[in-house]
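Chemist: Sharing a structure here in structure tokens format.
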């Protein structure tokens, strides 16, 4: 027995030395035994085939919609260098492949006239559509139960609960009244604004005033035709070069935060006059001592943020949005700006590399979205963004960075924040040089990720350097980011002198980390509670993406993305040493019940079973 205990202890030491978490020996297992147990137990747990209401049978019935073929590689698979970190064999399916012939929107929205007429390729005969529609996947519709009406009607994958025998959609009038004057989700892109953006008819007056201060700026707002050019009135007295330079100087003084705005008036000043807000008159946000959920690309969607808000996140921010796509009125990009009513302190993060596009984008958000702050992403490490000068590239282009920050500050009525990394190269930190400049440029808050672009997410975050930068940033609040997975990590981070902490991967692995930090405890959360959390996410996803086939598949895809992080969590009761560190890989272990083991699997097939 003593020898066996020594072997277990030695094994635990070995595991820890290899970068794996130290789990109690009685729970450890091998890869083969783990997957054999998961597969065998899953087959035993499946109900009989005679049950028509279970999800497995419904999945079998959906076999008429074949899985897409594996994507063919465009290069030799032996070239491992190019394949590294890229899952090129992942199946891809276009949204149009989920249903060969969906129901026309005109029928869903109450048999209104179809815009495409005879050329429409969708179903207009309800009976034909219902005969070809995939079977329902549940006995109750969350949208119908929550809002009293399902806007997806007959196309809903839970439609049998609110559809009559003659294909009429039911409604709950009493429930609908509670949401009559409420708008749970804000910042949606309207058709009028989208058309105006595409036709370039949106006015950016403040942005144009700021951009005119640049010596090389050229006004591109020219008449569209010769007729308009001829009809345009000639100026009565063209300004001289000296007069033009005087106006430019006055505007530059107005933009500079160090000097009071110079206002030229003719006659008495009235309330109608447009006066730029000074920094003290802007909406203020108290960032200090708050828990900030990082803007996470792909996984930081609105349903996930709602889950984190339930567990105590104070500040939330939308996913990184490209400023050029927002200015073009792209629906998919504007969806990243959507805000739920539960998000009391909410901001949006934009990415760009040119002062003109970033300034116009800030003015667009300021005028057409309800946000508490706007964040500039100057910490994105991916090549697509960096190589064109955005993300981390801005840290090395201080002149452009200054023009962007001052321009966005000039047009915004809400605080402007900046997210940066320690630098571009691993052994060459430049954040400490940039932070004093950001203070002078007028940012309201700085977030520092304790790694460089070259490090990405490898090695540990440098919190000593974050502490140094926090002292330089004072009195501007600086938030630290990196490697926080427990309340003990959060306490150590706060001791460095930062104004607050931002949590990214830690929230993906365990969203209840906000509760742990606020209550100063390690929460040994049960697998049932974690499953309920996933159910909440699924319901929020159906609200956000829809309950039709396309919306259900989107919810499933984003759920799988989240599960790819959540499987790295190790229950507190299984650990030899608490807390778990973010850089420790979980070894193969058996949970205290089957569901806990299933959630620990790193196989995508098991994530699909949870889904």
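Positions of Cβ are set from backbone N, Cα and C atoms, glycine also.
According to TrEMBL, the record shows the following:
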COMPBIAS  58-81  compositional bias 'Basic and acidic residues'
COMPBIAS  82-95  compositional bias 'Basic residues'
COMPBIAS  241-255  compositional bias 'Polar residues'
DOMAIN    98-127  domain 'C3H1-type'
REGION    1-22  region 'Disordered'
REGION    45-95  region 'Disordered'
REGION    225-264  region 'Disordered'
ZN_FING   98-127  zinc finger
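So where do these features actually land, and what's packed around them?
Modeler: As a whole-number mean, the pLDDT of the domain 'C3H1-type' (98-127) in this prediction is 81.
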Chemist: In the same chain, which residue numbers or ranges, 6 or more beyond the ends of the zinc finger (98-127), come under 8 angstroms Cβ to Cβ?
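Modeler: Counting only partners 6 or more residues beyond its ends, the zinc finger (98-127) has Cβ contacts under 8 Å with 65, 133-134, 151-155, 167, 548-550, 553.
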Chemist: For a three-state summary based on DSSP, what are the helix, strand and coil counts in the domain 'C3H1-type' (98-127)?
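Modeler: Output for the domain 'C3H1-type' (98-127) reads 9 helix, 2 strand, 19 coil.
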